Amino acid sequence: MKTRFDKAKISGICVSVPEHKICIDDELESVFSNDIKTLKRMKKVIGLNTRYICDENTCVSDLGKHAANTLLQGLNIDKNSLDALIVVTQSPDFFMPSTACYLHQLLNLSSKTVAFDLGQACAGYLYGLFVAHSLIQSGLGKILLICGDTLSKFIHPKNMNLAPIFGDGVSATLIEKTDFNEAFFELGSDGKYFDKLIIPKGAMRIPKADIFNDDSLMQTEEFRQLENLYMDGANIFNMALECEPKSFKEILEFSKVDEKDIAFHLFHQSNAYLVDCIKEELKLNDDKVPNFIMEKYANLSACSLPTLLCELDTPKEFKASLSAFGAGLSWGSAVLNFKDLYTKNILIYTKEK
């Protein structure tokens, strides 16, 4: 699916991560059982070093409120002027009601501000931006997009294959109506591979072997039960390496934007080696493809792209391509124009006493 919008702009982005910081080197004994070779390999190939993890009492709404309040104050936005609050997450505070409605209360928003969730993972920022642009194209004026996860809650802390890979973080993005600003999106999904990245148990469906295409996800281990995240890492890597470059080429062709006019190509930061492989396949310049979020924050799911935008030293006006791939399986790319983008250094959330 490809589409174009011309009425919306991204005015600002803030990202909040929890205060508990973990360094992978400190987990040599507790997580890696003194397997120094595996630890060094994960650091080198995936690009891991540090990550931030929520405690049991910190959820998406807490980080989202922190990021949102900082963003709205920084942009001097009246909360009553917001038309919609969208929360994109796969780790909601509650099954019911939506995290957006709960956050609506925490932010003390007007009853005229509609609030709803979108269930998306690593590609979620693109899906959230797509919906926000659609709503503004139809007449809305200001939309607050909250995007991110606390996936560490679904992973046993001693699972050395997954625990070091995922960090927690939530972004807040303000999208506003403007006179003219082109934005191009390309999105896709393939549900045949729904079980390649999945939490089998915990919702309404009872997990049974005949539901899944992948028999191995029903095989539990000491540090992975059915309530924990399962990832077929090899297949996810291969499919991402196929889908993201294809999506990137399609969005460039659809937008008719010359690659030379794009300042940054931002790929979901799930694996430093994967980003390097995509960059090489597409023959992109190193200085246009930042690849450092894994080292500082690990895989932030839907929050990785907004984190990149906050961490980059961007000019006053620039074009960027954004691409992501994740659970669903779902993926997408966009070519966006930015002007006077408001960002702050990554915020550290401290639990209110």
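Keep in mind that glycine also has a Cβ here, set from the backbone N, Cα and C atoms.
Small disclaimer: the values here were computed from a predicted structure and weren't measured.
Listed features, source Swiss-Prot:
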ACT_SITE  CYS122  active site
ACT_SITE  HIS268  active site
ACT_SITE  ASN299  active site
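Sequence features annotated in Swiss-Prot and their locations in the structure.
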| residue | record | DSSP class |
| --- | --- | --- |
| CYS122 | active site | coil |
| HIS268 | active site | coil |
| ASN299 | active site | strand |
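Around ASN299 (active site), a 10 Å sphere centred on its CB holds 26 further CB atoms from the protein chains shown. Sequence-distant contacts of HIS268 (active site), defined as residues of its own chain at least six apart whose C-beta falls under 8 angstroms from its C-beta, comprise CYS122, ALA123, GLU244, SER304, LEU305, SER323, ALA324, PHE325, GLY326. Using a 10 Å Cβ-Cβ cutoff, CYS122 (active site) registers 30 neighbours.
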